[in-house]
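Straight from Swiss-Prot, the features:
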TRANSMEM  12-32  transmembrane segment
TRANSMEM  44-64  transmembrane segment
TRANSMEM  72-92  transmembrane segment
TRANSMEM  194-214  transmembrane segment
TRANSMEM  263-285  transmembrane segment
TRANSMEM  290-307  transmembrane segment
TRANSMEM  322-342  transmembrane segment
Amino acid sequence: MLQGHSSVFQALLGTFFTWGMTAAGAALVFVFSSGQRRILDGSLGFAAGVMLAASYWSLLAPAVEMATSSGGFGAFAFFPVAVGFTLGAAFVYLADLLMPHLGAAEDPQTTLALNFGSTLMKKKSDPEGPALLFPESELSIRIGRAGLLSDKSENGEAYQRKKAAATGLPEGPAVPVPSRGNLAQPGGSSWRRIALLILAITIHNVPEGLAVGVGFGAIEKTASATFESARNLAIGIGIQNFPEGLAVSLPLRGAGFSTWRAFWYGQLSGMVEPLAGVFGAFAVVLAEPILPYALAFAAGAMVYVVMDDIIPEAQISGNGKLASWASILGFVVMMSLDVGLG
């Protein structure tokens, strides 16, 4: 991120940095084993705190200032921010609802069943990748946002998420994964898994890239929308992408993927961010009136992801207190970064 260049170029540099941090986090799969849940849960908690702080200081605060200073909304200056924030959350929610209709529910091999430290998980040899049997106490891994999509723990008791239930998987003892038509053929199954994998990754990593792009596109539009603010946002998202890369690659390694393949899919989760960042910067440069909506949209998407995905995932293995304090630490670090360097 070099001051003095165009907003679009800055957004490209910023999102390349966030992608690189994702890859660096995914590379830890070469160091840690899949059973080290405390590290993963603490990292996810830290990422949640960073995202919440970045959502306010780098996105919502400039959006509110723009809506207020424009004078066009008067006492209703909150309206564009509220609309954008709600639309951002709705975007991620609807994307999650759409996934089963795009075929994710038809091919259970896109959802990897994991049971850390358990012998209940059985693997079936497959030249294209591991086909798994679903154990009774499973952790369903969604590739993309924070890796895990699972039975959550609430006060120590497991409960089934609606998203996991949407796949139609019954509770009970391990049963073989059924094959459907041409999915039994290795070639077709492999391409289908890859296509759905890329789709899931794209949907769930757009908000971060969009936030960085919109942040750089908004530079000098208000007093709080500065280069330093946009740079700090990119650094903050890069920091929280580090554990996210690990959260994708580590479960994949535990599911039977090779270390290099787990690393590849882990870093792939950040590859879409440069595209989303450039799009966000272009959009706000060409259409300045949408800036408050765009900033709030990115914030809403990020906050929804934290509440719906990252925080619940950090609570599933009995490390809830660790994850909570890590969240506080992440929030303080990002707040200090934004205020101290802004």
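Quick reminder: no glycine exception, Cβ is built from N, Cα and C everywhere.
Of the Cβ pairs linking the transmembrane segment (72-92) with the transmembrane segment (44-64) and spaced 6 or more residues apart, 3 or more are under 8 Å, so the two regions touch. Taking every recorded stretch in 12-32, 44-64, 263-285, 290-307 and counting its Cβ pairs under 8 Å to the transmembrane segment (322-342), the highest total belongs to 44-64. Only residues 6 or more beyond the boundaries of the transmembrane segment (44-64), in the same chain, are considered here, and those with a CB under 8 A from a CB of the stretch are 77-78, 80-81, 84-85, 146, 211, 214-215, 218, 221-222, 224-225, 229-230, 232-233, 236-237, 239-244, 247, 291-293, 295-296, 298-299, 302-303, 305-306, 310-311, 313-314, 322-335, 338-339, 342.
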